[in-house]
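Here the structure comes first, spelled out in structure tokens, and everything after it is commentary.
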Amino acid sequence: MRRAEAPSSAHPAGPIPDAGKGEGEEDEEKDGTRLGLSTTPRNCIPRRGISVLEKLVKTCPVWLQLGLGQAEAAKILQQEMAGMFLVCRDNNLKQLVLCVHFPSLKGSSAEVLEYPIKEEKAILYLEGSVLVFEDIFRLIAFYCVSRDLLPFTLRLPQAILEASSFLELETISNLGLGFWDSSLNSRGSAEPLRSPAPGTPASSSLRPTTHYANCSCEIELSVGNDRLWFVNPIFIEDCILPADPPPLPTGSYPPRPTPATPDATSPTSKGSPRRPPPPPPLPTVPPTGPARPLAPPVPPAGPLPNSPLTPTSHLAPHAPGPPGHSNQPPMTACESLPRPAVGLGPFGEEEMKPGTTPNPLHQAPPPPLPLKKALPAAPPRRRISERVSLESQNVGTSTDRDHSGISRTASLNLPPQSTVSSLGDRPPRTTEQSQDTEAKASHADSIPVPPGKAKQPPVPPPRKKRVSRQLASTLLSPLESPIQEASSEKQATGASWEGLSPVRQAGMQHLQVQSSSCPQSSPEFKGSQASLSDSLGVPASAADQDSYSTSSAEEELEFSSPNVKKKPSMILDKARHRLSFVSFASVFHAFLSSDRKLYKKVVELAQDKSSYFGSLVQDYKVYSLEMMARQTSSTEMLQEIRTMMTQLKSYLLQSTELKALVEPTLHSEEELEAIVESALYKCVLKPLKEAINSSLLEIHSRDGSLQQLKENQLVVLATTTTDLGVTTSVPEVAVMEKILQKLTSMHKAYSPGKKISILLKTCKLIYDSMALGNPGKPYGADDFLPVLMYVLARSNLTEMLLNVEYMMELMDPALQLGEGSYYLTTTYGALEHIKNYDKITVTRQLSVEVQDSIHRWERRRTLNKARASRSSVQDFICVSYLKPEQQSRTLASRADTAAQALCAQCAEKFEVSQPQDYRLFVLVDGRCFQLADEALPHRIKGYLLRSEPKRDFHFVYRPQDSGKDASSQPCIVVREPNFL
């Protein structure tokens, strides 16, 4: 599963996460003069308000009803608008359920869909989804802006959406479940859940300032009553239909598609230049189908022009169709839109009339389709055109709105995509974005510019063809030249046409012609590809950087040819590559080195209790905890832990479990040992680290060494540097802080190798400080030891004592430490000097006692390395006393230990008074078996662990006369491992 982030609460608009914004751009957002809309100026710029996540937290008594049954929740939601939801608890399954109101496609009645919310440890997720969340609030907040596997996004009640203060939210929250029947809950009864007859005018149901219909090409930011749309380029090309539109009369505005009134037009907005589309595709029979209209303050009407690059950003791919088209998938509505067009120039570009203003009297009734409240907005995508610069706003280049076929002049002048941040600030551009800007670059000269504005907004890199999103054409080597990229993309284009209908092929042909007719964009296109490949180190795959939601993968399939059969594997494959940041870690897992992959496999094997090695590691940790509780010597305790780890490593290196994970040609024997050693650090030392430190602290507190160290630390702190023997500079305050920070991080690390690495960096800082007084002069060990004592006396000596012992005894004895060994022993010597500090016998060299201690340590490492052999590997077995899982003890013994010898260990461990009456039994799935004296318990344990299906077994030490199974029959005496 992949963890998904809820919408950021820091953004002023709330629901949409910020994609990276500079200070200057934020100031421009605050300036309300950028978007000059005379009709509804308050809707232009979103005020800083309350995010969706905050609203959900404050109003949870309204929508989070754990004591409410599913039937009661469905009864409440059936009276609400589409998209309304409640979270209740299924008492039978003991899990949360998300209930969502959904208008039925088969009849006039509405239905309530139920989505179980699964809970595993500290995460929540919808059943069937790969996105996980930390809590219910983040889960609901995410599905309010992105649908994932839902038919549409969730919708909050209008009162909660319009709440602009926490006081209003508190008032709503105090109502609890009674909110749904209160006067604060506006159900919007005037808005139909289903579209009326195709010929019925629906303009009367549109409220220009409050009701807006969203679609997959838009993102709506909502703060209180204010709303702001951003064009989402993700679906600009997805919503395209390769239909040949007839030319529009000159001077007309591209109207909204409506089958009932195809001749209605509306004038263009004042001084709003349009982005010219490429030539339309070949003539074909346009399909028919519904479309959901947008409802800005002044909604125009009329047919919609179409071209391969026309951003039909206001079609509703998720809106359910009328009863006549109920067999059509809900997300393919924009594939079946009629595409008659009027008012286009010779190149498919609209004629501009600066100085004209929108006239609402000329608009025709919009098509009878569901409004915004009838069906929630399509999943939000990445905000590409979020910020607006001063120049681009005055120019008024609302490029995407014109080709969508709907006027936004009374609602918002959309910023051009050229005002987005540079590639260095944002994730790489998607295929749709690059294609959109290519159209801009090719027709830049034909865009009229208002007087006094000579500066044009920068043009982003052009876009690649749609078909290049196929995996075969995107996984290019970073070393390939731009020419090779272009040729491979062209081949992918031709291959992809084979499975398309003639209508789609015509659109693809015109797309290729349009892109080839822009020679000025070619170098820029190649440069953009090269820059993306160089900056990431891998080819820039559009499929990997497209969207935050799996829904975009599903929609891409449904917008393609109807002849292509949609398979779940295809959807999952595309979704895996299009979860940009959610699956960030899994995408780069493919680029992990073979060593890293093997390391992860060994860690998983050690954590798998059902495997033999995993059970061995688990038993070892239990045994170590028991062993540490009775130890009185820190050195012996750490040596025993190190010996056990060495034996575990030796066993795994010679076991068949590791051979099943390793490719012999990729790893040498030395590399395998290092990888297994690192994996054991994580699986063994990490969970035992705190227990080891506690035991060491207790041992040193008992023997008085810790108290002696603390007392002499105060003496050293009161000693001058001259008395310490320091003849060089000492670290300054700033450097001393860095050193103390590194020592703190060293104490937090669990790997001995990581600790030694941090120690080396710390010693380098000390050496650099010593050279400040006399640069260039070399300093030896005699100069370093006094300065090291000076530094350690100002650190946490208790932690340093534990860390030095931890590193010296737990480091792999087969590892050649090099200079790490030198500085480790020097640090150990400095600690011993501080613990036994005497002003009279102060010396700048290690004492004889310390040198002898270091020599003994080096001999121990040599002996431990020689003893690490397969024959000395100890195994572990968990034995319970009298009953299964009661007074369990983990016993260490050799693999060839007989049951009689193990019974003697059990008698000593459980302090049995009459051991001759006790025997060792094994209970397998409720059946009891007695082990013969010559039986080998470890081999029986290994046989049971490897048996299929997995069996539940326990070793029990109890009196022989009680050795009967559940049927009161005497237990069978077993000698061989395969006794079942």
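Positions of Cβ are set from backbone N, Cα and C atoms, glycine also.
In Swiss-Prot this protein carries:
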- 247-260: compositional bias 'Pro residues' (COMPBIAS)
- 261-271: compositional bias 'Low complexity' (COMPBIAS)
- 274-308: compositional bias 'Pro residues' (COMPBIAS)
- 406-422: compositional bias 'Polar residues' (COMPBIAS)
- 484-494: compositional bias 'Polar residues' (COMPBIAS)
- 514-523: compositional bias 'Low complexity' (COMPBIAS)
- 63-158: domain 'SH2' (DOMAIN)
- 700-843: domain 'VPS9' (DOMAIN)
- 865-962: domain 'Ras-associating' (DOMAIN)
- 1-40: region 'Disordered' (REGION)
- 247-496: region 'Disordered' (REGION)
- 509-560: region 'Disordered' (REGION)
- 584-729: region 'Interaction with RAB5B' (REGION)
Message = When secondary structure is assigned with DSSP, how many helix, strand and coil residues does the domain 'Ras-associating' (865-962) contain?
response = 34 helix, 33 strand, 31 coil
Task = Count the residues of the domain 'SH2' (63-158) that DSSP assigns to helix (H, G, I), to strand (E, B) and to coil, and report the three numbers in that order.
result = 20 helix, 34 strand, 42 coil
Key: DSSP residue counts for the domain 'VPS9' (700-843), split into helix, strand and coil   = 99 helix, 0 strand, 45 coil
Key: For the domain 'Ras-associating' (865-962), the mean pLDDT of the predicted model   = 82
